[in-house]
Amino acid sequence: MAVSRWKAVGSTLLAAFLVGLVVLIAVLLIRTYTLPTAVRKWNRNESLITELAEKERKQLVEALKGAIRIPTVSFSEEEQNTTALREFGEYIQKVFPQVFSSSLIQHEVLGGYSHLFKVQGSDHNLLPYMLLAHIDVVPAPPESWEVPPFSGEERDGYIYGRGTLDDKNCVIGILQSLEFLLKRGHKPRRSFYIGLGHDEEISGHKGAQKIVEKLQSQGVKLAFVLDEGLAVLDGVIQGISQPVALVGTTEKGSVTLDLTVNRLPGHSSMPPSETSIGILAAAVSRLEQNMMPNMFGNGPEQDMFEHLSTKFDFPLNIIMANLWLFSPILSRILELSPSTNAIVRTTTALTIFKAGIKSNVIPPTATATVNFRLHPAQTVQEVLDIVQNTIKDERVELSVLNSFDPLPVSPNDMSLGYHILQRTIHDVFSGPPVAPGVCVGNTDSRHFVNLTNSIYRFSPVVLKKEDVDRIHGLNERISKEAIELLVQFYIQLIQNSDTDNIPPPHLDTHEL
């Protein structure tokens, strides 16, 4: 009797489990294949100016080559190639005569080498917007490059050189698009600004910040800001076979710390039990071994995966459409790669270590510099508290060299700027899915937070996996086709921005 009862209970439990499992699978599949996505149905305006003549294609390629040949390198906040920066200002005046002579455009130089343009629109009731790019580039030691990094050499359909992807492509693209539109007699309805900073790679304090101060003094407010950032990624996101456009709606914050240990000096023949180097090495080792907490789901990164859920291959599409269940698993998977780990947490990077001058002298001081890139859900103070609690050694002194909190998350639902950007991406890049993302690096746009709540970071280029490492790396390059599309993007964006409304959202469902 007892055995029979237990068998009956066991059968009931098994049946309940199987029913629950079937229900769970049904819920997962229904959400996966019917999850609605809010999209806006744009009607492409065929009357817009978009096509480029063969002569214009050659002009824009030569314009970029010439820009690359000017080595506008930012070495540090104290050292820039100011001769090259001055030369670059002269160069763009020569290459874009319509931009610098049009009665619609006001131009001024700020901070010595940065450029601010105002393009006057016909409708003063429309809030202006801002296009940003930067003139300066990071250093490019010629060793291991296939071509000299400042040659602007063309090879196999690609233009090589430092700045072809970051960010002279956008500088030339913006100015060239405006030049072509002016030649065609185009007069914008909505006013807009163009800001070209000269020190983005070293903080933007003398360039972009001066532009912001100028606009604030005039009481300017902006509908949106578009700066460099994410891109159309082709084969970069594992599990998605089609190109995907990611628009940065925020960027991580940053804290740079000096960790210092001071001890008595001595001779290596009579070493103490602990030295400044040993104490500091133990401290930075604790920081590396104890990563900052995984913050997946507390910032906009989850939004990105949900937006793209229907684009993932099976079975990843089920996981992405059901993050209410699978987010703990996904967050652990994302930790496994440095590129995706940077999305889910504040990263810790030991960048400089200084100690000692002689092999037989125990140094009194050891210093390490550590850079943290802050997840959007954390603040500078929270990170400093975690660092203190992780090191747990009063002999290690902390000093903040520079810091700023993560940028506010810009809207991607009812924002005019986001949907103009989305529309332009669809027009130019043949309709890839568009999703919000997080910029793990920093841009000049961070200085503009008091002028608008809509800041977007998107570079209008298609990047394959092998292209990503070229940015700030070896053999940076861009194809001639890509630079043509980039110019067409800005031409289209300027014209699309003349609207004063956006279409209502429609629910795009993927039915079983």
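Every residue gets a Cβ built from N, Cα and C, even glycine.
Keep in mind the model is a prediction, meaning the values are calculated, not measured.
Under the DSSP three-state reduction, Asp136 (active site) is assigned to coil, being neither helix nor strand. Annotated active site per Swiss-Prot: Asp136, in sequence order, evidence recorded as similarity to another entry.
Cβ neighbours within 10 Å of Glu200 (active site, proton acceptor), excluding its own Cβ and spanning all shown chains: 27. Residues or ranges marked as active site, proton acceptor in Swiss-Prot: Glu200.
Residues or ranges marked as Zn(2+) 2 binding site by Swiss-Prot: His134, Asp166, Asp227. The Cβ neighbour count for His134 (Zn(2+) 2 binding site), using a 10 Å radius over every protein chain in view, is 28.
The annotation Zn(2+) 1 binding site is assigned in Swiss-Prot to Asp166, Glu201, His472. Under a cutoff of 8 A between CB atoms, and with a sequence separation of 6+ in the same chain, the neighbours of Asp166 (Zn(2+) 2 binding site) are Val137, Val138, Glu228, Ile471, His472, Glu476. In the three-state DSSP scheme, Asp166 (Zn(2+) 2 binding site) falls into the coil class.
Under the heading N-linked glycosylation site, Swiss-Prot lists Asn45 (among others).
For Asn81 (N-linked glycosylation site), the same-chain residues lying six or more positions away in sequence with a CB closer than 8 A to its CB are Pro71, Thr72, Val73, Ser74, Phe75. The secondary structure of Asn81 (N-linked glycosylation site), as reduced to three states from DSSP, is coil rather than helix or strand. According to Swiss-Prot, the N-linked glycosylation site annotation covers Asn81 (among others).
Under a cutoff of 8 A between CB atoms, and with a sequence separation of 6+ in the same chain, the neighbours of Asn450 (N-linked glycosylation site) are Val212, Gln216. Swiss-Prot lists Asn450 (among others) with the feature N-linked glycosylation site.
Residues or ranges marked as signal peptide in Swiss-Prot: 1-34.
Listed in chain order, the extra residues whose Cβ falls within 8 Å of the Cβ center of the Zn(2+) 2 site residues His134, Asp166, Asp227 are Leu132, Ala133, Asp167, Cys170, Gly197, Glu200, Glu228, Thr443, Asp444, Ser459. Here the CA atom of His134 (Zn(2+) 2 binding site) lies 8 Å from the CA atom of Glu201 (Zn(2+) 1 binding site). Highlighted in sequence order, Val137, Val138, Asp167, Ile471 have their Cβ within 8 Å of the centre of the Cβ atoms of Asp166, Glu201, His472, the residues recorded for Zn(2+) 1, and are not part of that set.
The Cβ of Glu201 (Zn(2+) 1 binding site) has 25 other Cβ atoms within 10 Å, all protein chains considered.
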